[in-house]
Amino acid sequence: MMNVKYVLITLVITANMLEPVISRHAGAMAVYETIYTFHIPMFAFAMGYSAQDYRQEGRASKALTAIAYQYIVFQSLYSLADASLFHAPGVVYSFFMPYSLLWFLCSHFCWRLLLPLFSRMKYALPTAVLLGVAAGYIPWEGGWVSLSRTFVFFPFFLAGFKARNFPRWQAAALRIRPFAVAAGFAVLAVFWLGPHIDPGWLYGSRTFAELGSTQWYAGLQRLGIYVLEAAASICFLACVPWSEGRLTGPGKRTLYVFLLQGFVIKAMLAAGLYDVIENERMAVPLLVAAAVLLALGLSRPQIERAGKRWIEPDFPALIAKLRTRFRTRTSV
């Protein structure tokens, strides 16, 4: 799964790098939409797969504490950076409105909370799908605490939690890999030359009414999107090598890439670097290359060593130190 996580985070950065130019460059829009057909569902799947040990003593509380801590710290840092440097339009500075990419931490926290209930449910996955569809009908502001995305992508988290027999999958992946590669290029070609999907359907953060579908059967469109995302995710999984290799080490450090890449991309936007990218033929290659280099740079062991103490602190050890200091002071 580490290889999958590293390829995914590289594609996340690629999509984020391309987003500012998709309205100007058809090629960028095609690559962006292709990535969005699977990268959020697959990241939710990967988080669910990593949560399979939640029943082990202390695992669940440790994971929830870490996610909550990272959200509070980086929501504060990104809000401060935006207010002073980035000045992105439409930003609400509130812990209840996740800043940009931090919605994923908020949803991941909620998925972990839902897991004990759904892990015991007989028809958990169909129920999660129905909840994801129902979320589109509710007239709420889906960005608040990432409620809409939490329900829309929860089926993929749950599928990852329930996934087993990956050795058997690896053998199957080799057989379908040529088809998966061909399907990927076909989807890219369709988005480049033919019709586009409103990205709002792939974001999962908007109601059906906001997407312009006010009919009672709008939920069928979300079911269709689920089918597309599931098929694209299977094709993606078939293309990623599962054996340990060069991607495995960086794949263990994707948290740092995820949390830090936004500062770089927002700084590029604020500095006006995107204003000079006018050549469509060069836009996609340049930005994809920049995304790959950024993923490589932020996944270096040096970044982990520098940031581990404040990004992934050892809370039990920290609490023990605080207790010791408190006892020392009270005894003096």
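Note that Cβ sites are derived from N, Cα and C of the backbone, with glycine treated the same way.
Unlike curated records, TrEMBL annotations are generated automatically.
According to TrEMBL:
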| type | residues | note |
| --- | --- | --- |
| TRANSMEM | 30-51 | transmembrane segment |
| TRANSMEM | 93-111 | transmembrane segment |
| TRANSMEM | 123-140 | transmembrane segment |
| TRANSMEM | 146-164 | transmembrane segment |
| TRANSMEM | 176-194 | transmembrane segment |
| TRANSMEM | 223-243 | transmembrane segment |
| TRANSMEM | 255-276 | transmembrane segment |
| TRANSMEM | 282-299 | transmembrane segment |
>> Within this structure, do the transmembrane segment (223-243) and the transmembrane segment (255-276) have 3 or more Cβ pairs under 8 angstroms, counting pairs 6 or more apart in sequence?
In response: no
> Is it the case that the transmembrane segment (146-164) and the transmembrane segment (282-299) have 3 or more CB pairs under 8 Å, with pairs at least 6 apart in sequence?
Replying inline: no
> Per the definition of 3+ C-beta pairs under 8 A with sequence separation of 6 or more, do the transmembrane segment (176-194) and the transmembrane segment (223-243) touch?
Replying inline: yes
> Looking only at residues six or more beyond either end of the transmembrane segment (223-243), which have a C-beta under 8 A from one in the stretch?
Replying inline: 3-4, 7, 37-38, 41-42, 45, 129, 132-133, 155-156, 166, 169-170, 172-173, 176-177, 179-181, 183-184, 187, 197, 201-202
> Where else in the chain does the transmembrane segment (93-111) make close Cβ contacts, counting only residues six or more beyond its ends and a cut-off under 8 Å?
Replying inline: 12, 16, 40, 43-44, 47-48, 51, 64, 67-68, 70-72, 74-75, 78-79, 82-83, 143-146, 149-150, 153-154, 157, 205, 258, 261-262, 266
